[in-house]
Amino acid sequence: MSMSYQLKTKKLACQRGDNVLFTDFNFVWNSGDFVQIEGHNGIGKTSLLRILIGLAQQREGEVFWNGIPIQTQRETFQYDLLYLGHHSGIKPELTAWENLKFYQQMSACELGEDKLWQVLETVGLLGREDIPAAQLSAGQQRRIALARLWLSKAPLWILDEPFTAIDKHGVQVLTTLFEQHATQGGIVIFTSHQDVQSRLLKKVRLENYKFTE
């Protein structure tokens, strides 16, 4: 990637109902950063990610993409973002192949069909490409969603529990992909309970309403 990118948070605070999940979240992540958000269930990790991408409202503070608040540049920010949440976001009536083809068209990805076949093989769906997603297992549906990572040109990847329903080999394949994306100038931010091993990985932990590195 020829550009440098930066995601910055300033004094973010999150409250859900009467519960304060976290306060005073100040971080700067730049091109090359590979970051894991840690913390026990229900502590606010998913809420943080949803605030970072503009899907949830913070109580206080602001999120900046390349120095500009994301609220004032939604179209640009969405173009630069790939977000994968708890739900796969795939179309159950479409096959694995059709889902990837649909994503390719929607994202204006110019990679050829050879790349689609390569990605299907990488995620272990070769031979199942013509089966409707609704008939596949949860793990296989998750792989369809994750396959979009190999097709994406977005510099910012924000991923909520990307290793869910993925075997040990799949975890290593994804970790390698995340490392490659970071070393090529992208930013990867994800939540996971997995003990991810990478020399590039930075860890941020949410505990007692605060984040620490």
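Every residue, even glycine, has its Cβ placed from backbone N, Cα and C.
The feature domain 'ABC transporter' is assigned by Swiss-Prot to 7-213, with sequence analysis given as support. Averaged over the domain 'ABC transporter' (7-213), the predicted model reaches a pLDDT of 92.
Sequence-distant contacts of G44 (ATP binding site), defined by Cβ-Cβ distance under 8 angstroms and a gap of at least six in the same chain, are C14, L21, F22, L206. As annotated by Swiss-Prot, ATP binding site applies to G39, H40, N41, G42, I43, G44, K45, T46, with the evidence given as sequence analysis.
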Count of other CB atoms lying within 10 Å of the CB belonging to G42 (ATP binding site):
11
Which chain neighbours of the ATP site, leaving out G39, H40, N41, G42, I43, G44, K45, T46, have a Cβ atom within 8 Å of the mean position of the site's Cβ atoms?
L21, L206
Does DSSP put G39 (ATP binding site) in a helix, in a strand, or in coil?
coil
Number of Cβ atoms other than its own within 10 Å, given for I43 (ATP binding site):
18
T46 (ATP binding site) has how many other Cβ neighbours within 10 Å of its own Cβ?
18
